[in-house]
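Colleague: Below are the features listed in TrEMBL for this protein:
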- 82-103: transmembrane segment (TRANSMEM)
- 115-135: transmembrane segment (TRANSMEM)
- 240-261: transmembrane segment (TRANSMEM)
- 273-291: transmembrane segment (TRANSMEM)
- 311-332: transmembrane segment (TRANSMEM)
- 353-370: transmembrane segment (TRANSMEM)
- 376-393: transmembrane segment (TRANSMEM)
- 426-445: transmembrane segment (TRANSMEM)
Amino acid sequence: GAFLLSCLLFAAVSRRQRGPYMDEVFHVPQAQAYCHGRFLQWDPMITTLPGLYLLSVGVVKPAAWLLGWTGSVVCSVGMLRFINLLFSAGNFYLLYLLLFKIHQKNKAVSGFQRILSTLTLAMFPTLYFFTFLYYTDPGSVFFTLFSYLMCLYGNHKTSALLGFCGFMFRQTNIVWTVFCAGNVVAEKLNEAWRIELQKKKDEKISSRKGSFSDLTRILQFLVKYLISPKNLVTLSALTWPYIILVSLFFVFVFINGGIVVGDRSSHEACLHFPQLFYFLSFTVFFSFPHLLTPTKIRKFLLSLRKHPVQYGLIAVISLFLIWKFTYVHKYLLADNRHYTFYVWRKVFQRHQLVKYLLVPFYIFAGWSFADTLKSKSIFWVLMYFVCLLAVTVPQKLLEFRYFILPFLIYRLNIPFLSLYRQLLELAFYILVNAVTFYLFLNRTFKWENSDEVQRFMW
C-alpha cells in the first residue's frame, strides 16, 4: 500500500519536474554515459563514487532487454528515478526487519506497532523526499541498513560486503562499517564488564552508569581491556572483514589524496563541532514525541539541580566550541532553494548572540537524546557517539541529508512509544511530507539571472 501511494506521488513529481533538477544535473548525465558504455567518462563536479550509476545500469539494462524497451526510455530521467523508488521499498522492509531484530526481547510490542513504527521511519521526511529524485541517499541508506542487519545476525562477511556497496554510494558510509564492527566489540566488552562487576561484587556501577564517576571507571576498564594483546587478537578474529574494508578505505584515501572525488573545493573537511548541536536539534524536531515530553523536561530539571557543576562545565565547553568552531558554507548563504538557507537566515542570523543563546536547548536535547538510549549498554552508546561525531563534525556544510543515517540508527535503537505517541509521530511526518511536496510542486519561483524554474526542497 505504501509503495503504491509512493508510485502515485512519483508520477506527480515526474510530471511537474521532467528534466534533471539540482544535483540530478550531474547524476543523470553520468548514469546515461554509463548506460551507453562510456565507463571512462566522469563529471569532475561529482564528489561520490559511482555506485549509484553502476547499480542503475545493472538494473535498467537487463529490464530493457527483457521488456523490449529501446531508445530514449532506457536510462531516461524517470527510469533512473524509479531505481530510488525500488530502494525505498527495500528500505521499508529492512527497517521492519531491523526493528524486529533489535527489539525481539520486547514481547509487549504488538505486530501492528512494529509495522506502524516501520511506516513512520520509512516516511522520515528528509529521506522520503529524495526517493523521488535521482540522488544517492535511498541507495546509501539501503546498503547501510542491510549491512547493519547482517551484522546483527552475525553474518560479518556479508555485512562488510554490503558496507563496501554503501561506501560506493557515499564515502562517509565507512563510518557505519566501523559502527558494525563496534557492535561486535561492544558485545565483548559487555561480557567482560559483567565478569569485572561479579569479581568486585559492585552492582552499583552498572545501575548508575549515567554518572560521571562511573564513566571514568568504565573508561579505565576500556583502556585496560584494549591494551591486552589477547583481547585484541580475539576482537580482530571477530571483526576481520570490517578491518579489511576499513584498510581498503585508507588505501583509497591515500591514493585519491582525500575522501572526496571530483570537486573538492566545496567539500573541505574541518572541525565543525556545532554540527553535533544541529543534529541534536534536528533529532528533537523529528522525534519530539520521544524527546520533548513533560516527563523528560522534569527529569532534566531534576538532573540539573543535582549536578549544577557538571552542566555548567558542559555549557562553557559548548559556548567555546560555538565561538571557535562555527563555519558557514558559501552554499548555505547563497542557495535559497534549500530549507537550511531559511533556518540559518531566520534563526541564526537574527542576531550574533542567537547561536550562544541556544546552548541551554542544546544541552537539554543532548541529555534527552542520551536518556532515550539508556536501555543500550554504555559501550554501545560510546561507540555510537564516536561514529556520530565522525560522520557529522568534519562536514562544513549544514545539510540535513547528512543526518539521515545517524538519525535512523538512533531511532531504531530507542524503546517503542505508546500507540498514541506513535500515531502522533506518523501524523507529524505525513504533515511535513505534505507541506514539502506542496512547496516543491506548486510554489515555484525564478532567479533574476536564469529562466529555469526553481523549487524549494530539503
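Cβ atoms here come from the backbone N, Cα and C positions, even for glycine.
Give me the lay of the land around each of these features.
Modeller: Packing against the transmembrane segment (82-103) from elsewhere in the chain are residues 2-3, 6-7, 10, 52, 55-56, 59-60, 109, 114-115, 117-119, 121-122, 127-128, 130-135, 138-139, 141-142, 145-146, 148-149, 152-153, 408, 412-413, 415-416: each is 6 or more residues past its ends and has a CB under 8 Å from a CB in it.
Below 8 angstroms of C-beta separation, residues 2, 6, 9-10, 13-14, 20-24, 27-28, 31, 52, 77, 80-81, 83-85, 87-88, 91-92, 95-96, 99, 141, 286, 400-401, 403-404, 407-408, 411-412, 416, 419, 422-423, 425-426, 429-430, 432-433, 436-437, 440, 457-458 of the same chain, each at least six residues beyond the ends of the transmembrane segment (115-135), sit close to that stretch.
If one looks beyond the transmembrane segment (273-291) by at least 6 residues along the same chain, the residues whose Cβ comes under 8 Å of a Cβ in the stretch are 124-125, 318, 321-322, 325-326, 355, 358, 361-362, 365-366, 368-369, 372, 388-389, 392-393, 395, 398, 400, 403, 406-407, 410-411, 414, 417, 421-422, 424-425, 428-429.
Listed as Cβ neighbours of the transmembrane segment (353-370) (distance under 8 Å, sequence separation of 6 or more from its ends, same chain) are residues 210, 274, 277, 280-281, 283-284, 291-292, 296-297, 300, 303, 311, 314-315, 318-319, 322-323, 326, 347, 381, 410.
Within the chain, the transmembrane segment (426-445) has long-range Cβ neighbours (under 8 A, six or more residues past its boundaries) at 9, 12-13, 16, 116, 119-120, 123-125, 128-129, 286, 288-289, 453-458.
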Colleague: Are there residues at least 6 beyond the ends of the transmembrane segment (311-332) whose Cβ is under 8 Å from a Cβ of it, and what are they?
Modeller: 266, 270-274, 277, 303-304, 338, 340-341, 344, 355-356, 359-360, 362-363, 366, 396-398
Colleague: Same chain, outside the transmembrane segment (376-393) by at least 6, Cβ under 8 Å from its Cβ: which residues?
Modeller: 172, 175-176, 178-179, 182-183, 185-186, 189-190, 193, 209, 215, 218, 222, 271-273, 275-276, 278-279, 370, 402-403, 405-406, 409-410, 413
